[in-house]
Amino acid sequence: MTGSQPWHLSLARFDSRPSAEPVHGNLGQVRHVVLVLSGKGGVGKSTITTELALALKHAGKKVGILDVDLCGPSIPRMLSMGRPDVHQCDSGWVPVYTDTQKSLALMSIGFLLEDPDEAVVWRGPKKTALIGQFVSDVAWGELDVLLVDTPPGTSDEHLAVLENLKKHRVDGAILVTTPQAVSTGDVRREITFCKKTGVRILGIVENMSGFVCPHCSECSNVFSKGGGEELAKMTGSVFLGCVPLDPLLSASIEEGRDFTQSFPDSATFSAISSISQTLLNSLQTD
């Protein structure tokens, strides 16, 4: 590893010009790249990304998460990573590993900010430049799956990710929605975005589908249910499954605990495990 000083990002000094020629080979050992998208904020996209990564890790896969939600990087907290130093090696930035076996790697702007409370107030060119560096300059090493957690919408960040991944195949995207029509309507626009940009839709996940009672574990449809499944039928997409609103999952995310390891007998675990296995089967038979 070259240099012992940690790397921090100065928002005031960050150069929005494209970096030098990309480091070829940083994605060369990444077998599959999957985008996690949603047209709506607050649907639990980062939660689904985190839980899928953990489920794939426990299935024996090497997994990476690239967090390109530059204005709201929440995955470091969800994985209880704090603010570790990011170092550089000859190939670029070294990702942060969540375990000693290095089976789950993460890169996020949350690790690079000198002040965690500092707002990222950037226009498109600066966002595009940093995402370009994230895609080309992170030394991921050998990964089975790289999950790319994106912000809501169809804006600069999404286009920048696709533009910078041109030289490396993107397997497709998982779309996350909640059952309500106000959410599925926005996800329909995300489906249109995927079609326009040539991104294959691997499937739709309906999150917050019902509420799991913390006392009896019965799942009740407090809000609604089935919107994501109906959207999948309407658009000819694969329906990957439902994940309920579970207080145990919420608490695990807040505390940075591994839900899939803590509650292996829960219905929510079964749902997440089934979704991850369906995704894995889709990638392996592609």
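Placed from the backbone N, Cα and C atoms, the Cβ positions cover glycine too.
Automated prediction, rather than curation, is the source of TrEMBL annotations.
What TrEMBL records for Gly39, Lys40, Gly41, Gly42, Val43, Gly44, Lys45, Ser46 is ATP binding site. Within 10 Å of the Cβ of Lys45 (ATP binding site) there are 25 other Cβ atoms, across all protein chains.
The [4Fe-4S] cluster binding site annotation in TrEMBL covers Cys213, Cys216. Spatially close to Cys213 ([4Fe-4S] cluster binding site) yet at least six residues away along the chain are Cys219, Ser220, judged by Cβ distances under 8 angstroms.
Neighbour counts of Cβ atoms within 10 Å were taken for the binding-site residues Val43, Cys216; the minimum is at Cys216.
Listed in chain order, the residues near the ATP site other than Gly39, Lys40, Gly41, Gly42, Val43, Gly44, Lys45, Ser46 are Ser38, Pro152, Val176, Thr178, Ser183, Asn207, each with its Cβ within 8 Å of the site Cβ centroid. Between the C-alpha atoms of Cys216 ([4Fe-4S] cluster binding site) and Gly42 (ATP binding site), the distance comes to 27 Å. Every protein chain considered, the tally of other Cβ atoms within 10 Å of the Cβ of Gly39 (ATP binding site) stands at 22. A sphere of 10 angstroms centred on the C-beta of Gly42 (ATP binding site) encloses 10 other C-beta atoms.
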